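S.K.: Got a structure here, written out as structure tokens. Questions coming.
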Amino acid sequence: MPRRTDLTSVLVIGSGPIVIGQAAEFDYSGTQACRVLREEGLRVILVNSNPATIMTDPEFADATYVEPITPEVVASIIAKERPDALLPTLGGQTALNTAIALHEAGVLAEYDVELIGANIEAIHLAEDRDQFKGVVERCGAESARSHIAHTIEEVLEAARDLGYPLVVRPSFTMGGLGSGIAYDEADLRRIAGAGLHYSPTTEVLLEESILGWKEYELELMRDRNDNVVVVCSIENVDPVGVHTGDSITVAPALTLTDREYQRLRDVGIAVIREVGVDTGGCNIQFAVHPDTGRVVVIEMNPRVSRSSALASKATGFPIAKIAARLAVGYTLDEIPNDITGSTPASFEPTLDYVVVKVPRFAFEKFPAADPLLTTTMKSVGEAMALGRNFTEALQKAMRSIDKAGSTFHWRGQAPDPERTAALVDAARTPTEGRLVQVQQAIRGGATLEELFEATAIDPWFLDQLFLLEEVAGRLAAVDALDAGVLALAKRHGFSDAQVAEIRDLGEATVREIRHAYGLRPVYKTVDTCAAEFEARTPYHYSSYDAETEVQPRDRPAVLILGSGPNRIGQGIEFDYSCVHAALALKGEYETVMVNCNPETVSTDYDTADRLYFEPLTFEDVLEVYHAELAVGPVAGIIVQLGGQTPLSLATRLADAGLPIWGTPPEAIDAAEDRGVFGEVLVAAGLPAPAFGTATSLAQARAVADRIGYPVLVRPSYVLGGRGMEIVYDVEQLTDYVRRATPTDGPADAPVFASPVLIDRFLDEAIEIDVDALYDGHELFLGGVMEHIEEAGIHSGDSACVLPPVTLSRREIERIRTSTEAIARGVGVRGLLNVQFALSSDVLYVLEANPRASRTVPFVAKATGVPLAKAASLLMAGATIADLRASGHLPAVDGTYAHPSSPVAVKEAVLPFKRFRTRAGTVVDTVLGPEMRSTGEVMGYDVDVPAAFAKSQAAAYGGLPTSGRVFVSVADRDKRSIVFPVARLVELGFEILATTGTADVLRRYGIDSRVVRKASDGRGPDGELTVVDLITAGEIDMVVNTPNGQGARADGYDIRTATTAADKPIVTTTQQFAAAVLGIEAIRRGPFAVASLQEHDAARAARETEGVHA
């Protein structure tokens, strides 16, 4: 059946901001879908609040709405655009839940909009735990014994039948949010309480414990003719109990017998048919008892999921693209396989390699969080690797994680028996580093039986780790490194650095020996069919195998180094810039993407001309360069777009003779080295906050005394404010050094392993961010962003406004001339990000980064200027004048905005509700100089209040328009809150406050109701504390600023209760003032919606009138 002719326009809902459990994989899925639907001649309308996505680039849809994904806003877009159909299966749980809400509100029926890709009945059957249990029974399969509950009373009743431990799973949530394993009644009350709260249907499933069972997933697709394909089987290395997003996973499943696999396949096909998914894909999770082989079906996602992205990249089978075609009427046998060009999508992929995915965590950003891995997903990113065997793929994936301690190591002596026993004991608890603990225990002599008993990891996987230990033993035992043993190590994934560690040699020496033996990796191709048909798409992975499959080429190649796994501080924003470079340089150059993140658009096989799915280490990049050099000229390597990961390789790559494009490595070092950068600022006459560099505690104290407290301390060469703190006195400085600074040298006089930077902290300064382009002669200023929060909160966590609202024309001119002086002094070619602080009319330079920043996509969306594309063309040799002439850049840059320009607000999205302390409470929500946000949204409207209100709706579900607001602020903030509180009273809000804040408000004539602090306990007549009121849902918004660095217990209790209750929490006075303006904007009426294309047309109209935009 060809495409349906009754559909002319489709609304696609994206997934919104990057959050734990719903990340960049949905940008990849949505981008593919939008591309396909437009190829089919359909008008595509897209709504997504995340400006850092490729899918929100105006060329991917006919009407692109960067608006909050709420039922009310999407209903406004439907009323305006009148689409024929709504496709909700490519935007994660957010899109699915929004579609259900629109259906239940009657909006889809009112505007005659058909749901495609999934029907409401199928969504309910798959997502509603009780109904899905019935589906499984009708298919002749088993679920775990379970009960459904809607209240805590029902939960406790179910526990009496099921016993402990038991698993709590809420309906209609993603990433395991609100789920957990309860070992007793106290656990159960806490976990089930959260689960009922987070489930939109206030429903949880309580099921018998299947902890320790083996966990598998099948990725399936079905069309309207009932053709079903199993795209991929995935096996979790960790047993049931760890969320699949937090487990190391393997494709294809390796420890199933053929009979077991066929059983899972039969059940999976029966379930997809019974649920009724007939125009798309789904993911089904299974548990298998390791001894009896009993199979239970855990759950199903009736949509494109995180696993779909992994399965797509693992097999080369583009699930999202095919799902979009199925949704508009095609059948699987009518859709061609892009990679072979000669087989249809109804041919199931076959793998002749092994794929391993390893998650990346960010517990270091949340020191109070419990590092235990459970059924609630906590990882912030992932890396994937391909190899000819499991050990090769595993070791490549572990080094792709790009984090200290994430790889197997053989440093020093093997652990003694006592330490080995401790390692085995520690491995009983699933944590981020469990596999490394197992490997170290094997070094110390632990047996396979001991480790299986401790971890319940399948013996086959454990045996593979013993195999690695054998290879390491052979490496250590030989007198000299011969070709045979070195080739054996490389076939098992050992890096040159690991071999060097085992042999006590330098990494460069090992590389020289390896090259002398002619030992280099070859590059195989992902072809979906185990070499049965010829592959037309160059999607490569390395292996120490026989023959390479890299084809000769005529055009010069450009290597673009991606950003690796998402992490806090280096996320999808950097992938965005890499994709833009690939798109801009295609044609004149052969674009070659090197990356290892399966979630992203950059690792789609048709983004660049060639894709190498490889770790971003010096060794791996060097080998890709050599492979490409062997088949044609290489013009250059781009390192400035992928964040700190590729940037940190720049100097070593240049020293090895590789042609680095754009800003040279010595200029990158000049911006990072405080001494050299200080000289650039002095030469340009630009002030910076007083600073110093220390390599010991004594030096650190002397520097802090000289420049005066408070000071900002941090290690050098970090991204995302890693390890950065504001320190108020010498005791805190000493504590910081002991906690956060690795040291070398003798115990009585330790020396820091790398210098610590100490800056004077500017209190009450306005922080400003600038993104600009420089070609060596001319500056193009992309945009000036003014932060809503004052300096001291990491720029990645602060809300910011473009164009700036309180900066004068004179101040903006100073910002422009200062940016140009820095670009010239450092020697930038390409992108530059500068952060300034304006304090007492002095413009201080905080830092400069000669690379793509995380604000580049936001500036591009707000101004319509593709900065990353322009930067890549500058690196290729163009000038800013050339780019203006070719239309890549407008005639006038973004220094000054037209008075009628709309306002864009970027808001950070923080993952606090995912992280709980060991006591079970949410971690503290206070912001500081270390970045903690996982993603961002954009609010776009005619003025700041409306844009800010949209940003809050997009990030956190919105601001209240009536009800109760609780206010308790530090003494220094009490004067600042008077006017915003007075305005809330005028708007009809009831104000609750603690005694101190209430006294100040009373003196200003503002009535408030005094409530008890948590530390006061309940009153003599049972009066509730503020935490009780928040938990009971009786407070609609909380304003609480932290009280210096002293005792924070009350504030902590208030903030964590607010986060757990899912209510808006404001922790700075500037944010409070903006929130009050936002509340007023909401009360004036529903949000107006406008597409980026409409904004671009208005901007063009202003320019043709002779007034710059």
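The backbone N, Cα and C atoms fix where each Cβ goes, and this holds for glycine too.
Pulled these features from Swiss-Prot for this protein:
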BINDING   ARG129, ARG169, GLY175, GLY176, GLU208, ILE210, GLU215, GLY241, VAL242, HIS243, GLN285, GLU299  ATP 1 binding site
BINDING   GLN285, GLU299  Mg(2+) 1 binding site
BINDING   GLN285, GLU299  Mn(2+) 1 binding site
BINDING   GLU299, ASN301  Mg(2+) 2 binding site
BINDING   GLU299, ASN301  Mn(2+) 2 binding site
BINDING   ARG714, ARG760, LEU762, GLU767, GLY792, ILE793, HIS794, SER795, GLN835, GLU847  ATP 2 binding site
BINDING   GLN835, GLU847  Mg(2+) 3 binding site
BINDING   GLN835, GLU847  Mn(2+) 3 binding site
BINDING   GLU847, ASN849  Mg(2+) 4 binding site
BINDING   GLU847, ASN849  Mn(2+) 4 binding site
DOMAIN    133-328  domain 'ATP-grasp 1'
REGION    1-402  region 'Carboxyphosphate synthetic domain'
REGION    403-548  region 'Oligomerization domain'
REGION    549-956  region 'Carbamoyl phosphate synthetic domain'
REGION    957-1109  region 'Allosteric domain'
S.K.: Any idea what the Cα distance is from ASN301 (Mg(2+) 2 binding site) over to GLN285 (ATP 1 binding site), rounded to a whole Å?
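M.R.: Per the Cα atoms, ASN301 (Mg(2+) 2 binding site) and GLN285 (ATP 1 binding site) stand 9 Å apart.
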S.K.: Between GLN835 (ATP 2 binding site) and GLU847 (Mg(2+) 3 binding site), how many Å separate their Cα atoms?
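M.R.: Per the Cα atoms, GLN835 (ATP 2 binding site) and GLU847 (Mg(2+) 3 binding site) stand 5 Å apart.
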S.K.: What is the number of residues in the region 'Oligomerization domain' (403-548) that are helix, strand and coil, as DSSP sees it?
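M.R.: Here the numbers are 74 helix, 10 strand, 62 coil.
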S.K.: Closest of the binding-site residues to ARG129 (ATP 1 binding site), Cα to Cα, picking from GLU299, LEU762, HIS794, GLU847?
M.R.: GLU299
S.K.: GLU299 (Mg(2+) 1 binding site) has how many other Cβ neighbours within 10 Å of its own Cβ?
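M.R.: Other Cβ atoms found within 10 Å: 18.
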S.K.: Can you give me the Cα-Cα distance between GLY792 (ATP 2 binding site) and GLU847 (Mg(2+) 3 binding site) in Å, rounded to a whole number?
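M.R.: Rounded to a whole number, the Cα-Cα distance is 13 Å.
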S.K.: C-alpha of ASN849 (Mg(2+) 4 binding site) to C-alpha of HIS794 (ATP 2 binding site): distance in Å?
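M.R.: Rounded to the nearest whole number, the Cα-Cα distance is 15 Å.
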S.K.: Within 10 Å of its Cβ, which one of these binding-site residues (VAL242, LEU762) has the largest number of other Cβ atoms?
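M.R.: That would be VAL242, with the highest Cβ count within 10 Å.
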S.K.: Using Cα coordinates, what distance in whole Å links GLN285 (ATP 1 binding site) and GLU299 (Mg(2+) 1 binding site)?
M.R.: 5
S.K.: Between all pairs in ARG714, ARG760, LEU762, GLU767, GLY792, ILE793, HIS794, SER795, GLN835, GLU847 (listed as ATP 2 binders), what's the biggest Cα distance, rounded to the nearest Å?
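M.R.: This binding site's residues have a maximal Cα-Cα distance of 18 Å.
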S.K.: Including all protein chains displayed, how many Cβ atoms other than that of GLY792 (ATP 2 binding site) lie within 10 Å of its Cβ?
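M.R.: The Cβ of GLY792 (ATP 2 binding site) has 20 Cβ neighbours within 10 Å.
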S.K.: Helix, strand or coil for GLU299 (Mg(2+) 1 binding site)? Use DSSP.
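M.R.: Once the DSSP labels are grouped into three classes, GLU299 (Mg(2+) 1 binding site) ends up as strand.
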S.K.: Expressed to the nearest Å, what is the distance separating LEU762 (ATP 2 binding site) and GLU847 (Mg(2+) 3 binding site) at their Cα atoms?
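M.R.: For LEU762 (ATP 2 binding site) versus GLU847 (Mg(2+) 3 binding site), the Cα atoms are 14 Å apart.
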S.K.: Taking the Cβ of GLU215 (ATP 1 binding site) as the centre, how many other Cβ atoms fall within a 10 Å radius?
M.R.: 23
S.K.: According to DSSP, which kind of secondary structure is GLY792 (ATP 2 binding site) found in, if we only use helix, strand and coil?
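M.R.: The residue in question, GLY792 (ATP 2 binding site), is coil (DSSP, three-state).
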S.K.: List the residues of the same chain that sit at least 6 positions away from GLU208 (ATP 1 binding site) in sequence and have their Cβ under 8 Å from its Cβ, in sequence order, or write 'none'.
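M.R.: Set apart from GLU208 (ATP 1 binding site) by at least 6 residues yet with Cβ under 8 Å, we have ALA144, ARG145, SER146, LEU162, GLY163, LEU166, VAL167.
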